[in-house]
Every structure is written in C-alpha cells, then in structure tokens.
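The structure appears below as structure tokens.
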C-alpha cells in the first residue's frame, strides 16, 4: 500500500501549469510541512482539462501535459487569492496508509485494478485516495467546497495588530492551540497563575473566538448542558445567562466577552492552521510550522489575502482544540450530480435559506422541499426550525436519537440573585460538581439536585463516563434497573405525542441510556405531526446517494431542492495530535501518532514522555463528564500549576524549563487507569453509538483499547487525586530540567 499526502501549497488561480510545478517556499521540505506530496488536479464538473504533477528525485515532473486551468468561479463570483480546490484532492496526513477502495463516482473494478497495480504505487489515483482520506477543510466533492471556507464575517479580528507575528523569528512562551472555551480557560488560568498576556499566543483556524460556537450557527443551535454550569467563568465575569439553556449566539458572544475581559484579542492569531509541531532539543522549544489562511472580508467572494506560511517557536504548547472541529461528511454517491443546493450544518448557508444566526427566519425556504440527512443532536435542534419555513421536510433516519424533554426557561434576575449568587464564592464549580455527582450515581441520598434536568435524571450515563459504583460486580444489573424507567417513560412519551403509529415506532430508541449521547429538546417529536413533515427510516447502510433531483434510498427517489447534512462531527482518533490535525514530532523525532498507536501512556492524561513542554486535555486516562467546560477548566488549572511551579523553581526563567513525565511516572499512571477498565464493562451491551467501546475505542488489542479509556472511577475521583498531587508539592512523576548555556541540570 502506498502513502499519499496532501500538499498544502497548491496552485494559484489561473496559473499556467505547463510553465512549472506548484510554487513552494524556499525552505519547504516534506519533513517540515508534515506531509509528503502527491498532487492531482482533475476535471471540474467535466468542463476543465487537467494536469498531474509528481515530485520524483527532488524534481517536479508533469505526467500529462494538457491545457491551462481557468480562473475558479465560486457562487458566481471570481475568487481571488484562494487556492484552487481540486475536484478530488489527495489529503492524507503524515504516516497514514491509504488502501484502494471504491470511488464515490463508481470507478469500475477494472479501472481500479489498473490504477493500483501500476509500477509506481506513489501515483495512485486521487479518486481512490479521496474516499479513504477525507480532509477537514477540503472535501472529496466540489459541491461541498464551502467546508474549506469560513463563511462568517469578521467581527473580532484586528487585522493590523498581528503583522509582527509573521516574522519567522517570532517566539512565544506559551502557545495555546484553539480559541474556544478550552483555549480561553487555559489562557485565563495561566494569567491567574501569574503569567502575562505577552507570554501567551492563541492560534485558531477560525476567524474569531468561540471554537465550535464560532463555526456552528445553524437555526435552533443551543447547548443542551445547563448554561449556568457550561458557560465558563460566569462568576469571574459577572454574566447572567439569558436562559437555562442559551442559544449558540450567546455562547459565542460570551467567548468574545471572556477574551475582552482578559484583553486577549491582541494575543490571538486567527485564520491560521498549525501543520507541524517539532521539538527543538538544542533550543528547548517547539517549532511551529503554520499556514495563514488569509483575512477575508467576504469569504464567498474572496478577500484581501494575507495568507502564507508562518514559522514561530514556543517554549510550551497546549493542544486545546476540542473534539467538535471536524465536520463529518458522508461519502454519498452522486453528490456532484445533484442539481439542488447542499450544505453541512457546520457551515449554514443563510444566503440560501434566508435569515441570520441572530434571527433565523428562513423565508427563502418557503416553497422549497428540504431533505435532512441525520438525526443526531444537531438534527434534533435544526429539524423543528426547518419545519417552520419549508414547504416540505423529509428527514432521513438510520438510527433514532434518544431525545429527552428539555424544560428551558428565561433566567429570572431575582431568582438568580436569591439562588445562584447566594451560594457564595465558588458557586459555579460547586453547582458543576453537583451535576457531575448526579449523572455518575455518586450523589448522597440527601444531596439536593441543583440542576434538576434531563441529564441529572439519567444517571445510567455513568456507564459511559465512569463513577464510584462502576467497579462493583453487580453494576450492570444496577444500571439497567436504573435505566429501565427512563426508557419506558421515553417510549410512552413518543407514542402519546406522535399521532402516526408507524412514525412513532420508528422514532423510539431502544438502546440503553449510556450507549449514545442523549439529546434534549422541546418540540422535536411534535414536529412529526405536521402534515408536510415525513420521516424516512433507512436500513443500517443509510442513504444510498443523490441523484440530479434528490435523495436515493435504495431505488426510491425523494425529490428535494435542498439537502442539509446534519451528520455531526468526526470524533476520529483519540490521539491529541491527530484530533487537532497536527504532525507532532517529539524529542526523538517520533510522531505522537506513532507513540499512541499501541495505546497512550500519560501522566494524569495531560502529558506524555518524549514530548517535553506539551500538554493536551482529553479523555484518555483522564476524568470525563458530560460538561466539557468543567473538564477543560480542571485540566487548565492543573497545567497552570505545573508550569507555574516549574517556573518558580527556575527562578522565573520560563524559557529554561523542560518538563515531561518520567518513564516510571507515566507507567504508574497508565497502569492505574487500565486497572479501572472494568468500570466501562456495561458499554459492551451497546451497539453502535458515539460513547461505546465498539465505536470509539475499538481495537483488536485489548490492552490498546484499555489505555484509551477514561479514568474509570469518574470525574470526582480524578479531581481528588490531582488536588492531592498538587498539595503534596513534590511534582512526583515529572522529569523537570533547567537549561543554561552550559547545558541542563
């Protein structure tokens, strides 16, 4: 099998390919970029001739010499300073092995055989590679090219204040990858630990703060975790959420408010993607190779450019890019033949639907037939909104979502003052931990249920996240007994709400409450009583594909004008580098992905040996809960302590510090985490679901799978261990060195 790699520096618009290969920076090498190269530019909707290039023996060679590529036209506008997007670009991360597979356009078996059995395996067709290696911001279909662009107007970027960061010699002390709630929490906790704003640099491919709440702006968007515990730093900012579950716009503006309060706007580098992090042992620093995507005042018409390669260094690096950053696009046959409109919920097209994120009145859908593919948490929120405006709505469901009732309400200022603020200092953390206790069956009988919502009424979810009772031999019987009333109540609610019996039965989720992340909504099931809304239950294979007129399920065609892909995000690998799509090379030149191939070894789930001064909040060997903001906050607090104490020991000279786990330290922690794997035994009773072993932790090697699992005793146990470790002051399990001009000590 061959290895194929996407080349990030691709053709400029209208460039005569016959005149030479793609332009590369003078210092470009595959090792620095994190990719090897295979470039294939193919026909665009059958209209444009194409050329292939390959690099062989350090020289570019043209494989087939044809004509020039015309300027690329997007949505009727000439796109300037935007890389040409090949029809089926090859985009394969470093070290990923690509095997032949059926092409989405239906390449014949004979053709595939010729392509894969050629004398030079390095020139495999992009048609084959494209299906195996689906990129994040580059798609195998020209129809879905909008996933490669930021559709939102600039509101938070000072485009003039970042020019100094473009110099290759730029150095920052602490690099934070991600500017969502996770990245902001790390920045704030580091500032509170005594570091200055000038010590920090936040880098994000988005055009502003917010992370998943920056990219997602679809109608009906809200967080289904109570906003009083999910929205970080409420106590410090003094912000009162407008509702128990606030809409997405408020979450995004809250992220911007956090950045403003701690004056982080000038310490953020947006529309920038880090491709490679490489440890420089001699310089005791990370070398970051990045690509600036440019600043666009109107993403659909191009912009003022400003993109290009960027290299800088950092003493410490924190990967805080989160898990919901890679839109999942189904490999649908016939996408490019569909004559209607299509987009993903992560890049909502209000130009087509009408409305805006602040006022999603989709008046342009009146008279339109809309098809929604997917029934996960995103679809549950967006389907009722689409039903309000469309002429006809067809929902295509493979497996039903587990949807509980969400009782949202406006926040009463009097209640807020008399109940929330009255709890005193630390109220948000206490409320969060109360929530954690109830969803992990760790609450004492006398404990008041402060959040009191669908989550805290579904304690069987403990089987997916760990808890104090999970280690008991009879836990599976216990959790099934706890879950049975919830399951029966959910079935009764659907049957009493949905008038059509066939539709009602199709909407019933029979899985245990811990097998798939639950959803919560007001009015989802009622939507299916509307005369213009239909539910199509597919088989396990899902939708067959698209035709020029609509969506195919088997041989049946459902004609639609718009296809909405509510297919969620690709959770992908549990390796932090893979999840962030960064090639991370450690002190021995070993890629993090390679080290994690046999299962991770970590200290506290936030560091791994061989990758000095690198931190990564995640789920492997760490405590988890449904409230990801709490997880980020606890990790940020812990990492800030480690860096702060090490800096104090070094006399304040942060650039001299080199920190990594000892071999014994990470072995001990990993052993302790693996010893608690029985806490997740109940997940073996599940089928396919985003929290099951079969889906997220599947491995032919049981030990590898066990190393990827969270801390089995739950979040409270994990936090208690970390607090005791910090209180001891010994920094046990860490190898801390202080570099000087004479070496390290």
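Cβ coordinates come from backbone N, Cα and C, glycine included.
Annotated features in Swiss-Prot:
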BINDING   212, 213, 214, 215, 224, 225, 230  FAD binding site
BINDING   222, 223, 224, 375, 376, 377, 378, 379, 380, 381, 398, 399  NADP(+) binding site
CARBOHYD  65  N-linked glycosylation site
CARBOHYD  627  N-linked glycosylation site
CARBOHYD  645  N-linked glycosylation site
SITE      517  site 'Transition state stabilizer'
TRANSMEM  174-194  transmembrane segment
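Put simply, residue 376 (NADP(+) binding site) is 17 Å from residue 213 (FAD binding site) when counted between their Cα atoms. Restricting the recorded positions 376, 380, 398, 517 to those with a CA within 10 Å of the CA of residue 225 (FAD binding site) leaves an empty set.
Following the DSSP three-state reduction, the secondary structure of residue 230 (FAD binding site) is helix. Residue 225 (FAD binding site) falls outside any helix or strand according to DSSP and counts as coil. Comparing local CB density within 10 A for the recorded positions 378, 645, the maximum falls on 378. Between residue 517 (site 'Transition state stabilizer') and residue 376 (NADP(+) binding site), the C-alpha separation comes to 9 Å. Within 10 Å of the C-beta of residue 627 (N-linked glycosylation site) there are 22 other C-beta atoms, taking all protein chains into account. For residue 224 (FAD binding site), applying a Cβ distance below 8 Å and a minimum sequence separation of six or more within one chain yields 245, 377, 406, 519, 520, 521. Residues 212, 213, 214, 215, 224, 225, 230, recorded as contacting FAD, have a largest CA-CA distance of 19 Å. With residue 215 (FAD binding site) as the anchor, the candidate recorded positions are 378, 398, 627, 645, and the one with the nearest CA is 378. Cα of residue 214 (FAD binding site) to Cα of residue 398 (NADP(+) binding site): a distance of 28 Å. Looking at the residues that bind NADP(+) per the record, 222, 223, 224, 375, 376, 377, 378, 379, 380, 381, 398, 399, the two CA atoms farthest apart are separated by 24 Å.
Distances between the Cα of residue 230 (FAD binding site) and those of the binding-site residues 376, 378, 398 are shortest for 378. The distance from the Cα of residue 378 (NADP(+) binding site) to the Cα of residue 212 (FAD binding site) comes to 12 Å.
Over all protein chains present, the Cβ of residue 376 (NADP(+) binding site) has 21 other Cβ atoms lying within 10 Å.
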